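Below is one structure, written out as structure tokens; comments come after it.
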């Protein structure tokens, strides 16, 4: 530093008296300014660290689970994609709210591992949830749920919080997941039905019975390699266990008839549920024979259509083994949400169902998709060219798996 000043002073000889005075003042002042800036930065840092430590003392971090509900419209799925800020996700807004409410330190927002964050299920682009669960370490501040929600948009809400064991992981400890899929019943109309007249369509009781017979075929363990992308028939992870799948009674919203399909399984792969539903629709509408379902679980590659993502909702996640082991130990709560049921129902009625109905009525995503069914070849094995085409479409769709 002093050699730099000395060098600078040598230059003064060639300057005017006034210029020399100004330059001398600059050279002598510079090291003091640097020191002052450093001291100020250090003071700010120490103050911030002191506040951080003080918050940790007042509110030590504890392992908890949060019950989340959200409408997925406008979001690129649940999972955060660091470095891709243009693709807004549910976790982006959640983490921002956690920082703003003081539940986590600011630097934890950049690295979610610092708070041991784990989502129970990933949801795809546009997919909603009524019973998502995430596990993480939080400062248990006063009125924590209210303060988090104050910093969230209305279409995302924290509905519940429970303490869990230190080693709890919402994904690994989850035994099963239940999804619902809300669709206009015109999806089950005959192939020659005029889909311009959606409001007039009503699902016959015998057709609903046939739909449920087909959904029942999915129950049990099958090789679902044809119901996702980049899975070989020999891949053990393609085998999935389904415990329930059925379609409920129709109901009318905005003069359209809708129905809700419910499916419960241990876990689901990317697009699996939408393809399970898509194939049944293709059979019911007469574009595919029923035998294609059993063939799709075999070794050959089958062309399976993927229903739109709009109506898919993560209904709830199940922690039966955890509840059995820790739910009655007197220290931990069971991960069940009976007290939150009314809030869950109210959120669905206010944010999820109206969005699905409004979007379907305005954009007609199901009817547009139905028009693509004739382009699928359900008889032949998928060719390499078609397979590559499908893969490109999968990659263009969304980057997150269902769970």
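Using the three backbone atoms N, Cα and C, a Cβ is placed for every residue, glycine included.
TrEMBL: automatically predicted annotations, no manual curation.
Annotated features, as they stand in TrEMBL:
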ACT_SITE  124  active site, nucleophile
BINDING   179  substrate binding site
COMPBIAS  42-57  compositional bias 'Basic and acidic residues'
DOMAIN    216-320  domain 'Pseudouridine synthase I TruA alpha/beta'
REGION    30-57  region 'Disordered'
REGION    381-403  region 'Disordered'
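Cβ-based neighbour count (10 Å, all protein chains) for residue 179 (substrate binding site) stands at 25. All protein chains included, residue 124 (active site, nucleophile) registers 23 other Cβ atoms within 10 Å of its own Cβ. Mean pLDDT for the domain 'Pseudouridine synthase I TruA alpha/beta' (216-320) in the predicted structure: 96. Cα separation, the residue listed as 'substrate binding site' to residue 124 (active site, nucleophile), rounded: 12 Å.
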